[in-house]
Amino acid sequence: MSKQIVHGDQCRKKIIEGINVVANAVGITLGPKGRCVAIEQSYGPPKITKDGVSVAKAIQLKDKSLNVGAQFVISVASKTADVAGDGTTTATVIADAAVRELNKAEVAGIDIQEVRKGAEKAVEAVIADVRKNSSPVKNEEEIAQVATVSSNGDREIGEKIANAMKQVGQEGVITVEDSKNFNFEVEVVKGMRFDRGYISQYFATNREKMITEFENPYILLLDQKVSTVQPLVPVLEAVAHTGKPLVLIADDVDGEALTALILNNLKGSIKVVAVKAPGFGDRKKEMLEDIAILTNGEVITEQLGIKLEKVNDTSKLGTANRVIVTKDHTTIVHDKNNSDIEKKVNSRCEQIREAIKDTTSDYEKEKLQERLAKLRNGVAVLKVGGATEVEQKERKDRVEDALHATRAAVEEGIVPGGGVALFYASRVLDSLKFDNEDQRVGINIIKKVLEAPVRQIVKNAGGKEDVVVNELSKSNDKNRGFDARTMQYVDMIKAGIVDPTKVVRTALQDAFSVASLVIATSAMITDHEEDNNTGNRSGGGVGGGHHGGMGGMDF
């Protein structure tokens with residue numbers, strides 16, 4: 001395929017234009033009076049959302065050069081979402097403003113490398129000030145406030161998330177799923193989460209969120225590594241006959257075995273996900289046993305004389321109501337009404353409590369307490385309903401955003417919301433030292449850019465940006481801000497308008513990181529437009545060996 005190359009000013013102009021297209025679409029969602037965006041789906045009704053990263057990821061521009069710019073800002077939103085779980089719109093708005101201001105400096109002939117150094121110093125100083133003024137989340141009401149703000153002012157969402165955290169603890173497991181009725185409910189069920197995700201992204205059933213979700217799966221627990229597929233064939237055939245999915249938790253899965261599982265998963269011969277077992281050494285064996293008790297299954301281990309190739313039915317496999325696997329975590333949700341499992345779990349918890357009493361190692365005691373918490377506290381499930389499928393999905397998006405924001409707040413604390421944390425933090429730049437005048441330009445650019453979130457929130461509310469910015473500039477109270485819902489100046493903390501420190505910090509860091517890359521770019525290479533319309537390419541699949549087995553499956 002032939003390529004086209006764009007250099008210099010024309011290159012940067014196209015990139016900035018592409019960034020601006022995405023930023024305009026994402027920016028309108030910011031704040032309590034931000035608007036929703038309708039995203040066309042490949043089938044069914046459109047997706048209605050205020051989630052910045054969902055809006056950004058949905059954008060694919062026809063002009064290849066503009067699309068390069070769009071991808072820059074999409075990467076900002078995605079990275080911020082991955083790290084903080086929220087703040088993607090703020091990051092996008094800041095990145096757009098930073099790129100435009102940095103480009104003005106370069107066009108004016110100022111040494112852009114020195115400008116970047118000054119801007120980098122400014123970002124570090126602002127983040128330090130934000131952290132210094134952060135307050136820890138102290139109670140259920142503050143948790144509810146964070147969740148309410150992040151869910152676009154939906155107090156019910158805030159209260160439900162706070163209630164869920166109260167029941168399972170601030171570090172407990174909380175999942176979000178569709179309700180079968182109109183209501184929004186919190187239910188605590190038996191289950192656990194451990195810090196291991198899928199071995200390959202090809203197992204993801206939801207490509208947009210890159211997660212695997214299985215309803216009523218079988219769970220195969222292996223205390224061994226699997227490299228060849230042949231020992232797995234009997235149990236895979238047994239599960240395939242039931243039509244249910246399979247969660248395989250093992251020391252590791254690689255080589256031929258991994259290839260065959262991916263191939264059959266993609267073909268739909270059997271729904272399967274492979275996950276590495278949590279822990280190491282003896283602790284791994286104990287955690288596998290914990291999972292076995294919770295799922296009413298057995299750990300397949302040759303130490304007990306059980307060989308994998310001899311497992312040819314589902315009798316030794318565990319079960320669960322639901323399993324959710326991401327790249328980092330696996331969550332198992334079980335029926336809380338199963339009395340047999342309840343008894344086994346209680347007995348197992350008592351064993352762990354005795355082990356805690358007997359150990360003299362602080363480290364060992366900590367790990368035992370973690371295991372006890374996983375078994376005892378269960379999983380809080382937020383069941384989100386709605387009058388229509390579109391309404392339900394939109395609300396579910398807001399619940400997930402609010403949950404991410406709440407976790408970030410618990411982790412690093414909270415600061416005044418509405419964009420004022422960054423706005424007031426910019427005052428530290430007035431006394432920041434610089435090596436030359438070009439660096440001072442960079443510092444002043446960041447000072448101006450930090451007004452962008454406040455301006456966007458006011459703009460979306462139909463207010464006058466300059467008037468609000470001017471009014472806040474006169475204030476000596478760092479908690480004073482503009483409540484876009486009431487169009488009044490208030491004490492943001494007292495009004496319950498707060499942002500997680502981690503979200504604010506990450507948004508600024510990621511935005512500046514991408515803005516720096518953009519301004520350092522002087523050429524781009526894209527496909528020629530006419531080449532994109534010539535014929536269809538057949539995508540390569542995942543190869544796999546054929547070693548016999550049931551029809552329709554590749555082993």
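Residue numbers in this text run from 1 along the chain shown.
Cβ atoms are placed via backbone N, Cα and C, with glycine included.
What Swiss-Prot annotates here:
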- Thr29, Leu30, Gly31, Pro32, Lys50, Asp86, Gly87, Thr88, Thr89, Thr90, Gly418, Asp499: ATP binding site (BINDING)
- 528-555: region 'Disordered' (REGION)
- 537-555: compositional bias 'Gly residues' (COMPBIAS)
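Projection of Swiss-Prot feature records onto the structure.
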residue	record	Cβ contacts under 8 Å, 6 or more apart
Thr29	ATP binding site	Arg35, Cys36, Val37, Thr49, Lys50, Asp51, Gly52, Val55, Thr89
Gly31	ATP binding site	Gly418, Gln456, Ile457, Asn460, Ala461, Ala484
Gly87	ATP binding site	Thr80, Ala405, Asp499, Pro500, Val503, Val504, Thr506, Ala507
Requested in this report: Work out the three-state DSSP category of Thr89 (ATP binding site).
Outcome: helix
Query raised in the report: Given the ATP binding site residues Thr29, Leu30, Gly31, Pro32, Lys50, Asp86, Gly87, Thr88, Thr89, Thr90, Gly418, Asp499 in the record, what is the largest Cα to Cα distance, rounded to whole Å?
Result: 17
Query - Cβ packing number for Lys50 (ATP binding site), 10 Å threshold - result: 22
